[in-house]
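Undergrad: Straight out of Swiss-Prot:
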type: BINDING; residues: 68, 106, 164; note: substrate binding site
């Protein structure tokens, strides 16, 4: 349900939550600072986007899209689940190199290529019927306290939508790992 996405901070967010939902640059680099980072591709397929995703991509729900779902882990624990989509063009993804990324984070390409432009962040609390909530649940994460962000990247007019969902355990880890830093200041 696309109407749940907003470019404004959600009510009741902590300073940490607001920061992580709207921080520019590579999420992967920030996660690596918290511990041993790994990425697990859970699915990579051609499928149809959900209505809100299709709207953000500027296509219809019956237009095939290349979809990649991953779990971003710190110390082998799922902290973020992510879903990337790009429309198919003439039986190829609009961003063809993405199909070969395997277990590599997309950030190395997205932030090192000058002709790629990122749009504004949107955030939401995913509901049970949201693809991010379903992905989190499939990874064994409780779906009740999820926070997500998404943004659209453009290259040569071709969109790539990336949605990232922070699971409940992420915020606990962040508190645990940042507490010594706060005490030292």
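Glycine too: its Cβ is placed from the backbone N, Cα and C atoms.
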Undergrad: Determine the C-alpha span of the substrate site listed in the record, that is the greatest distance between any two of 68, 106, 164, in Å to the nearest whole number.
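TA: Output for substrate binders 68, 106, 164: max Cα distance 12 Å.
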Undergrad: Around residue 164 (substrate binding site), how many other C-beta atoms are within 10 angstroms of its C-beta?
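TA: Its Cβ has 22 other Cβ atoms within 10 Å.
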Undergrad: Is it possible to get the count of other C-beta atoms within 10 angstroms of the C-beta of residue 106 (substrate binding site)?
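TA: Around the Cβ of residue 106 (substrate binding site), 22 other Cβ atoms lie within 10 Å.
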Undergrad: Around the recorded substrate site, report the further residues of that chain (criterion: Cβ within 8 Å of the mean position of the Cβ atoms of 68, 106, 164; site residues excluded), sequence-ordered.
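TA: In sequence order, the nearby non-listed residues are 70, 82, 83, 84, 105, 162.
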